[in-house]
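Please read the structure below before turning to the comments.
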Amino acid sequence: MANIGKITQIIGPVVDVGFEGEYALPQILDALEVTRPDGQKVILECQQHLGEDRVRTIAMDSTDGLTRGMEVKTYGMPISMPVGEDIRGRLYNVVGDAIDGIPSGVAANRMSIHRQAPKFEDLSTNTEVLFTGIKVIDLLEPYVKGGKIGLFGGAGVGKTVLIMELINNIAKAYAGLSVFAGVGERTREGNDLLREMIESNVIRYGDEFKHSMEKGEWDLSKVDATELLKSQATLVFGQMNEPPGARARVALAGLTVAEYFRDGDGQGQGRDILFFIDNIFRFTQAGSEVSALLGRMPSAVGYQPTLATEMGAMQERITSTKRGSITSVQAVYVPADDLTDPAPATTFAHLDATTVLNRKISELGIYPAVDPLDSTSRILSPEILGSEHYDCAQRVKEILQRYKELQDIIAILGMDELSEEDKQAVHRARRVQRFLSQPFHVAEQFTGLKGELVNIKDTIKGFNMIMDGALDHLPEAAFNLVGSIEQAIAKGEKLVADSKK
């Protein structure tokens with residue numbers, strides 16, 4: 001039987017609810033429900049017990065239309081997400097309501113979004129490389145299967161494009177399931193992602209729907225329910241226009257779905273899951289927005305004092321167990337390009353590999369704008385990757401570091417003042433830097449270049465050829481936005497031939 005309380009105060013997304021009699025108080029993190037005058041339900045989450053039989057809650061939806069004195073029901077349980085095979089291909093919000101417009105029945109099973117991290121003895125410790133087909137990542141900061149990967153970058157340097165390309169390369173090439181949590185990012189990007197996934201058959205709406213989509217229609221009556229169950233992805237969204245309560249919880253909602261797929265439903269073996277979060281910074285930002293309203297003293301740069309605790313509680317759940325694995329790729333917005341900001345700095349500690357995107361590299365027209373010297377990986381070692389891969393990666397880093405050191409001298413005195421050896425290092429480093437770029441499948445419509453996936457053996461061969469001086473006769477432009485070294489050679493020879501005409 002639900003207990004009934006009444007709203008006593010509303011301050012933006014924070015709602016105070018009074019109950020009569022101390023036994024009626026909901027527990028911390030329990031869900032409460034209030035109905036707006038238009039019949040829409042708003043879910044609240046209990047955050048604090050204030051004394052005098054009052055609790056302070058955060059709303060998961062807009063509090064417009066709520067007034068003091070409105071009745072609030074308690075559920076006696078936290079916010080939960082629907083689970084089961086029929087959630088494949090579906091689009092949910094933070095409280096587990098389908099928002100894709102496709103009719104659905106009531107979910108038989110639901111799981112609380114607040115759960116304990118797996119016990120230490122249940123964790124898996126295997127180390128396996130996850131190749132992505134992106135040269136700069138596979139060579140210099142290889143990803144770990146079942147590990148945590150962070151994509152760091154300021155505004156507009158290409159985090160979302162890179163995450164979309166990773167979904168394209170890994171989710172398509174790999175038959176497993178993907179879960180995407182859109183946390184406080186642009187609604188347009190969520191729409192683009194859904195369309196991209198339908199076109200590439202990661203989410204299956206059926207041929208009839210795809211034909212109608214090609215004509216510019218969006219007729220959900222044509223969705224094939226049996227095809228939908230064969231989808232390989234589930235999406236959970238709480239976008240920029242949502243209140244902070246939803247943005248602070250949607251990452252946990254997506255993670256709950258990923259955990260369900262990883263562990264199975266108790267009927268046998270779990271699975272290997274890909275879990276994408278775009279953007280983990282918004283999770284922190286939402287927490288800081290409500291922190292002051294909840295009466296907490298702000299800490300460094302105005303963030304909530306519980307920043308490390310909240311981040312740790314979530315990141316510890318993203319892990320691989322003996323039943324299945326979660327490989328997570330998290331985009332991390334870096335405010336004002338400052339990696340020492342508490343939000344990105346707290347995230348760093350939890351990751352196995354970091355891919356740092358640099359605005360200076362994007363200004364050179366090199367995409368993906370990955371900083372090869374700032375990016376790291378726990379598994380960049382000869383024991384795991386083999387000595388050929390490791391030696392090539394170290395040579396690339398060495399030549400780029402030398403180029404970086406010489407840039408000040410070049411800026412002041414010019415190239416002519418360098419020794420012959422340094423001139424040669426600079427020429428090769430510039431070719432290496434350009435060869436780290438590559439055209440993406442998801443950017444074909446913008447670049448006009450066909451997307452490329454590059455095998456790691458071809459990547460190593462290409463960089464070794466450049467550093468050994470075998471391609472010194474080709475112009476630098478030949479190495480920009482190409483896939484394999486053969487394409488660069490063909491492009492270079494064409495440029496040389498054209499210049500002689």
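Glycine residues also receive a Cβ, built from the backbone N, Cα and C atoms like all the rest.
Features as listed in Swiss-Prot:
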- Gly153, Gly154, Ala155, Gly156, Val157, Gly158, Lys159, Thr160: ATP binding site (BINDING)
Practice problem: Rank the binding-site residues Ala155, Val157 by the number of other Cβ atoms within 10 Å of each Cβ and report the first-ranked residue. | Solution: Val157
Quiz prompt | Those binding-site residues listed as Gly153, Gly154, Gly156, Gly158, and which of them has the most Cβ atoms within 10 Å of its own Cβ | solution = Gly153
Quiz item: When you measure from the Cβ of Thr160 (ATP binding site), how many other Cβ atoms are you left with inside 10 Å?
Solution: 21
Self-check item: Lys159 (ATP binding site), number of other Cβ atoms within 10 Å
Solution: 27
Quiz item: If the ATP site is taken as the center of the Cβ atoms of Gly153, Gly154, Ala155, Gly156, Val157, Gly158, Lys159, Thr160, which further residues of that chain fall within 8 Å of it by their Cβ?
Solution: Tyr333, Leu357, Ser362
